[in-house]
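What TrEMBL records for this protein:
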{"type": "ACT_SITE", "residues": "C74", "note": "active site, proton donor"}
{"type": "ACT_SITE", "residues": "C218", "note": "active site, proton acceptor"}
{"type": "BINDING", "residues": "N12, Q45, N65, G75, N76, N158, N191, E209, R210, G219, S220", "note": "substrate binding site"}
{"type": "SITE", "residues": "F269", "note": "site 'Important for dimerization'"}
Amino acid sequence: MINFTKMQGLGNDFVVIDAINQQIQLTTAQIRFLADRHFGVGCDQLLLVERPISDNAEFKYRIFNADGSEVAQCGNGARCFARFVRDKGLSKKDEIIVDTDARQLTLRFAAGDLVTVEMGVPALEPKQIPLNVSEQSKLYKVKLAETEVEFAAVSMGNPHAVIRVDDVANAPVLSIGARLECHELFPERANIGFMQIVNRRQIKLRVYERGAAETLACGSGACAAVVAGIEQGLLDQDVQVQLPGGELIISWIGSGHPVLMTGAATTVFEGQIKL
Ligand SMILES: N[C@H](CCC[C@H](N)C(=O)O)C(=O)O
């Protein structure tokens, strides 16, 4: 039997497993089963708590999408990770450093039961997109069937394409999201964000996530969207991001600095499952 905790951050939901005190080796099929909303537990991502790689980190934070793909960043998951290790008594620290496959994250408990994550420094033209960026607009253009899509490319340790739209409620999230996620421009696929600028300190965002389809919220997607907006001169450094599942506060003071993300993290239930 495996003990797990079901958690969510703005409706982006997770199965979280302590892999330090439980010996587990999950296959891709088992991850897909656990993530399945009909035959398994159901989640957008599965998170493993492991021993750290680096001397200065307390844990390794591993992330698997619902399709079983392992990835290197998950913002909403990082907040739930902090809540999990605190509630399980695995850490008593107020500031927790974790290793992911791509970078270190610093997790801090904030006021009002919120968690702030230092999400690392964004990369604005991730190497994996073999395209020349138009210097002045810093935007890529790609033809998808009958429409031309313009997007900013931002890596938060995972790849994001950010498309600006006038009305996020009616944006072609499922059609364009699904096509662009798997487009040849992204050898490792990508998360596709649809951003509506409300004003210089507020955006609305929907994200079609790599390996999970549209989710109610995407933390790294919120960071990528704010970075893209600031880079294009459209946003100030502190932005309220309204996602379908709730609100995040994202702050970025500019190139070479980390992005800060603050939001809720909630435990839904504890469970056991036989694999
Ligand atoms: N689908 C993402 C991982 C989860 C990101 C999202 N849930 C977040 O809160 O950042 C990827 O494949 O890079």
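Any Cβ shown, glycine's included, is placed from N, Cα and C.
Mapped onto this structure are the features recorded in TrEMBL.
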residue: N12; record: substrate binding site; DSSP (3 states): strand
residue: N65; record: substrate binding site; DSSP (3 states): strand
residue: C74; record: active site, proton donor; DSSP (3 states): coil
residue: N191; record: substrate binding site; DSSP (3 states): strand
residue: R210; record: substrate binding site; DSSP (3 states): coil
residue: C218; record: active site, proton acceptor; DSSP (3 states): coil
residue: F269; record: site 'Important for dimerization'; DSSP (3 states): strand
Task: N12 (substrate binding site), number of other Cβ atoms within 10 Å - done: 30
Task: Maximum Cα-Cα separation (Å), residues N12, Q45, N65, G75, N76, N158, N191, E209, R210, G219, S220 listed as binding substrate - done: 17
Task: Other CB atoms within 10 A, centred on C218 (active site, proton acceptor) - done: 35
Open item on the list: Suppose we draw a 10 Å sphere around the Cβ of C74 (active site, proton donor). How many other Cβ atoms does it contain, all chains included?
Closed with: 31
TODO: Would you list the other residues of this chain near substrate - those whose C-beta lies within 8 angstroms of the C-beta centroid of N12, Q45, N65, G75, N76, N158, N191, E209, R210, G219, S220 - in sequence order?
DONE: D44, I63, V71, Q73, C74, G77, V207, A212, T215, C218, G221
- [ ] Name the one residue among N12, S220, F269 whose Cα is closest in three-dimensional space to that of C74 (active site, proton donor); these are the recorded positions.
- [x] S220
